[in-house]
Amino acid sequence: MASELASMFPKLGSLGTSDHGSVVSINLFVALLCACIVIGHLLEENRWINESITALIIGLGVGVVILLISGGKSSHLLVFSEDLFFIYLLPPIIFNAGFQVKKKQFFVNFITIMLFGAIGTLISCAIISLGAIKFFKKLDIGFLDIGDYLAIGAIFAATDSVCTLQVLHQDETPLLYSLVFGEGVVNDATSVVLFNAIQNFDLSSVNPSIALHFIGNFLYLFLASTLLGAATGLLSAYIIKKLYFGRHSTDREVALMMLMAYLSYMLAELFYLSGILTVFFCGIVMSHYTWHNVTESSRVTTRYAFATLSFLAETFLFLYVGMDALDIEKWKFVSDRYAERGPGLSVAVSSILMGLILLGRAAFVFPLSFLSNLMKKSSEEKITFRQQVIIWWAGLMRGAVSMALAYNKFTRLGHTQLQDNAIMITSTITIVLFSTVVFGLMTKPLISLLLPPQRQLSTVSSDANSPKSLTAPLLGSQEGSEVDLNGQELPHPPSLRMLLSAPTHKVHRYWRKFDDSFMRPVFGGRGFTPVAPGSPTEQEP
C-alpha cells in the first residue's frame, strides 16, 4: 500500500506541473479583475472614466508588459473563444438586464425601442454592408464574398451603450435611459440573430424568394426565442409556487432560479434560436412572477447575485479586449499580407468602417425618432432633437458583441488562419478601442451640454415590479395606468379612440385584467403568500 501511494504522488506532481502555466494565467487574470474593481471604485466619483474604459486601459497596459516579457510572442493570458463568450459570459449580462429592467418605461416605450433596436439595426447593417462593398473593393483588401460583407454589417451594427448608461440617470431622464437601454438589448439580439441567419443561408445567388425566406426565418427566430424565454420563466414560477422550496432551504430557490435562467439560454441554443432574446425575456418574466414567489432572503440574494455575475462578465470582456488589442499574431498577418502598402491600409479600413457606423446610426435614429413622435400625442413623451443626438451618440460605441461576432466569422479557436481575414480582426479591435475610449470620454461633457441638470422630480421615480422594489404590475406602477389622481379611476374613452391615442395604456389595462384573473392565480407573483412561516409578507393590494 505504501509503495502504491508513493507511486501516485509523482504522477500528481507531474500533473500539477503540466497545468502550472494555466494556473498562473488564471491567477494573474483574477488579480487583474480585482484591480479593475478597486480602481473602478476609486474612480467612482469621476464619471468621465467609467469601469469599461478602466478595464480596457488596464488590459492594454498588461498586454504591453506581457508582450515585452514574452519577447513579442503574445500579449494575453487566455485565448479568446467565441464559445466562452456566448455560452458563459453573455447569458448573465443579458439575463440581469431583463431581471433588473424598469418594466414600466420599457413597455410604455416598447414600440419605439423595437423600432430602434430591430428596424434600426437592419438599416444600419444594410448601410455598413453596402458601404463596405463599395469601398473595400477599391482598396483590394482580399477576397470577400457577399456573405462576408453582410456579416461585416451585422458585426458593426452591434452597439455597446455601457458608457452612456453609466452617465445617464434613470430617475432624472427615464425616457432617455429607457430608450438607450432597451435599444441596446434588442440591438444585441437582432445583430446576433441577423449574423446567424446570414451564416446559415447560401447567399451566392440572391433572389426575391431567398429574401422572403430570410425575412421569414428572421421573424421566426425573434418570436420563437421570445416565447421560449417567457415559457421558461413561467415554468420556474409555477414550480417554485407549487413546491415552495423556501420552507426548507432558500439555497434551493436561488439555485433553481439560476439554473432555469441558464437553461432557457441553452435551450435556445439547442433549437438554434436567439439565446439573447430568450434569456432577456426569461429575466423579465422571472422578475414579475418567480421573484415574488420566493422568500425575502432569496430575493435579496438573487438580486445581488445576478448583478454581480453580470458585472464580472462585463469587466472580464473589456479587460481581455484590451490585452488582445496587441496580439502580435494578427498584426503580423496584416503586415505580411499588405507589406507594400504599409500601415496606411489598416487605418483606411478602420476609418471607413467608423464612418459607415456614424452614417448608419444617423440614417435611422433621426427618421425613426420623427416617426415615433408622430405616434405620440403628449409633448413629454416625444423625443427632442437633443435627446435624439444622445441616442445617436450612445450607439456609436462598439464592444464585446462585435468582438465575439468578428472572432466567430474571421478566426478559428481564437487564432487567425487566413491572412486576408486578419485585417478584419485588427480593424474590429481598433474600432472597439477607439469608440469606447474616445466616445466614452466625450459622453459626459456631451450629455452635460445637451441636457443640463434640472432641479425637478421625475414623474416616474421607480419601477416597482423590478427586483429593486416589492410592488407593481408588469407594465409598471399604477401611476399613469388605470388608477390616477387621488385614487379615482379616470373615465374610459371608447376603446378604438383610446387604442389610437394611447395604445400602451389600453394594452396595459387589458393586460392587468388578464394578469390578475388568469396568470397570477396560477404562477404567483405580487401578492403571493406562501403558507410557511417566514415567507414573503406582502399582501394583495
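Including glycine, each Cβ sits where the backbone N, Cα and C put it.
Annotation comment: TrEMBL describes 459-469 as compositional bias 'Polar residues'.
Among the features that TrEMBL reports, domain 'Cation/H+ exchanger transmembrane' is placed at 31-447.
Residues or ranges marked as region 'Disordered' in TrEMBL: 459-489.
Summarising the annotation, TrEMBL assigns transmembrane segment to 20-40 (among others).
Using a Cβ-Cβ cut-off under 8 Å and counting only residues 6 or more beyond its ends in the same chain, the transmembrane segment (52-71) has close neighbours at 32, 35-36, 39-40, 43, 77, 162-163, 166, 314-315, 318-326, 328, 399, 433, 436-437, 440-441. What TrEMBL lists as transmembrane segment is 52-71 (among others).
Sequence annotations record features per position, and here TrEMBL assigns transmembrane segment to 77-99 (among others).
The transmembrane segment annotation in TrEMBL covers 106-129 (among others).
Feature annotation from TrEMBL assigns transmembrane segment to 149-168 (among others).
Per TrEMBL, the feature transmembrane segment maps to 218-240 (among others).
Positions annotated as transmembrane segment by TrEMBL: 261-291 (among others). When Cβ-Cβ distances below 8 Å are used as the criterion, the transmembrane segment (261-291) is approached by residues 86-87, 90-91, 94-101, 103, 185, 188-189, 192-193, 196, 221-222, 224-226, 228-230, 232-234, 236-237, 240-241, 299, 302-303, 465-467, 474, 519-520, 523-526 of the same chain, each at least six residues removed from its ends.
Marked as transmembrane segment by TrEMBL: 303-323 (among others).
The transmembrane segment annotation in TrEMBL covers 344-370 (among others).
The transmembrane segment annotation in TrEMBL covers 390-410 (among others).
As annotated by TrEMBL, transmembrane segment applies to 422-442 (among others).
The stretch in closest packing with the transmembrane segment (390-410), judged by the count of Cβ pairs under 8 Å and taken from 77-99, 106-129, 218-240, is 77-99.
For the transmembrane segment (106-129), the partner stretch with the highest count of Cβ pairs under 8 angstroms, out of 20-40, 77-99, 303-323, 344-370, 422-442, is 344-370.
For the transmembrane segment (422-442), same-chain residues at least 6 beyond its ends with a Cβ under 8 Å from one of its own Cβ atoms are 48-50, 52-53, 56-57, 60, 141-142, 152, 155-156, 160, 163, 318, 321-322, 324-325, 327, 330-331, 333-334, 337-338, 345-346, 349-350, 353-354, 357, 393, 396-399, 402-403, 406-407, 409-411, 416.
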